[in-house]
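This report concerns only the one structure given below.
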């Protein structure tokens, strides 16, 4: 009896830590469960624990199960969805309503204020709720937080939300910036209130002591949303253990690699359960991200929203002006008066103005203040408190103009931005698309105005392609610049 009891206790421990006691630190492993590759481990204890791990919550509704292949293909085409690497026999029909996902009633309540799933949600839910790893190629503002958030909450409820332990989350979301981490945590927190699941957000730039208290108080948090650097600090201090993480989400993975977080991602992934479910979202699909997915994920299903390649939303009116570098200040004053009216106007539309450098951002902020515009700014040299204050004033309308560097281009999710002005063109056309994507979101129309100079000639050809792809007017000066650049390369 004593021997049987010891074996049972060992199996229970392995079920909670995913067999981590036998898994080398930092390794990526695979096992087989229900015919799917989960983790690469050679011991039976982990394989046994994997069978106990709740992963599959989806059963196609009758309205979906009866659809023909041509009907499914038509629905995907209408929603701009491309599905790749689906296992044989799996259709993963995009959902037309929230009810078709089969969420528990408490989780379903989180969708009460939405009319229907967004394209990324309608395709992600059948995949993730079926227990598969998934790569989502979708832009910020597409509803991706709910795409991975509601399945994660479903999994937490299945494991038992009362089993949460301080500093040992069940769901971990990694984000590249403080702003995106905070926004993601807010969405999780609001949805979690419907089912009694607590979320904590940890990020650099704020006191660790306060965040440590949040991680451990009230019995701990089932969901942790974090920037990689701050999370690794807590891991090294022994304040966080990831051995119970059953869902790992890498949000804006391309941005995390751009910011140099690959070592942190590797260490963090290696500390989670070996049989975890991994979901990755990225706005782009370069070789670096493909390699990351191949190494960290198990036979992932790939979901793409929109056509392959760089693409701007058709709901955004884009105006590009080719100007002299020294004339941009005068052009900015003219454009603001054209779009916004006078600086004294009370109901000034929210406008994001992007600069490339921190000093440029601060200079623009000071210049516009002198012109009596109510404006705030956000850049990397500001304290976290000052950054949050600027964003809060922008959201409330107290400062309807926000001057920002690219630190705000990925992660800020502010509703009602009517205008985006690119004072200085970004380093890449990819960042240009991300910048203008701050407007024209969730079905709304938006407006973008860009100052383009000879300093940006290297990007002229790609910018022309983006404008043409979104059926926007291409100025002759820009087209001429693109042709000259093409001849030089030829």
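From the backbone N, Cα and C atoms, a Cβ is placed for every residue, glycine too.
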Between 96-122, 123-149, 150-176, which stretch does TrEMBL give the note motif 'Q motif'?
96-122
Select from 1-36, 37-72 the stretch of residues annotated by TrEMBL as region 'Disordered'.
1-36
Sequence-remote contacts (6 or more beyond its ends) of the domain 'DEAD-box RNA helicase Q' (96-122), Cβ cut-off under 8 Å?
57-61, 63-64, 75, 79-81, 129, 136, 138, 142-144, 146-147, 150, 153-154, 157, 190-191, 194-196, 303, 305
Averaged over the domain 'Helicase ATP-binding' (125-303), what pLDDT does the prediction give?
92
